[in-house]
Amino acid sequence: MKTAVYPGSFDPITKGHLNIIKRASKVCDKLIVAVLVNPEKKGLFSVDERVEMIKRVTKKHSNVEVQCFSGLLIDFMKEKKSKVIIKGLRTMSDFEYEFKMALMNNKLDPNIETVFMMTNAKYSYLSSSSVKQVAMFGGCIKDLVPDEIIPDIKKKINHKKECI
């Protein structure tokens, strides 16, 4: 496998995302973490902030690049000359949604393959939305996100509570 693309919003990146990035980077020559620009969705972090945070937590992985994209993933794939999409799966509902997306992407470009990677069981409950919710109510996010970005989240949420 040469170049693979791992797309998502990553608002913010979680330890589950990072686990998929680490594992996927071992099975391809280059992994592009593709951060989706969705002007209709107001995220906690801007696209530039998300890209910077992901770069910060993946800097040890020399074959990982972080870029943003808008529009169809298939167009981004063509631009990057990649034929492989990496998707992490936590639950059966993730599979149902991602399976439909994989079929659509393959319909748009039959040369595109989607590789599903099972999330490590210890992260199967984890989502960016749940991280934001826990942080907004003052809960501890230390086990949910990479340590390097905890200050970014606290600053955005404007919450000073420390983990016990």
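Every residue gets a Cβ built from N, Cα and C, even glycine.
Annotated features, as they stand in Swiss-Prot:
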BINDING   S9, K41, L73, K87  substrate binding site
BINDING   S9, F10, H17, G88, L89, R90, E98, Y123, S124, Y125, L126, S127, S128, S129  ATP binding site
SITE      H17  site 'Transition state stabilizer'
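Positions of Swiss-Prot features highlighted on the structure.
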| residue | record | DSSP class |
| --- | --- | --- |
| S9 | substrate binding site | coil |
| H17 | ATP binding site | helix |
| K41 | substrate binding site | coil |
| L73 | substrate binding site | helix |
| K87 | substrate binding site | strand |
| E98 | ATP binding site | helix |
| S124 | ATP binding site | coil |
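A Cα-Cα distance of 13 Å separates E98 (ATP binding site) from L73 (substrate binding site). For the substrate site listed in the record, the two most distant Cα atoms among S9, K41, L73, K87 lie 21 Å apart. Contacts of H17 (ATP binding site) defined by a Cβ separation under 8 A and a same-chain sequence distance of 6+ are given as G8, F10, G88, S128, in order along the sequence. The two recorded residues K41 (substrate binding site) and S124 (ATP binding site) have their Cα atoms spaced 24 Å from each other. L126 (ATP binding site) sits 14 Å from S9 (substrate binding site), taking the C-alpha atoms as the reference points.
Here the Cα atom of K87 (substrate binding site) is found 14 Å from that of S124 (ATP binding site).
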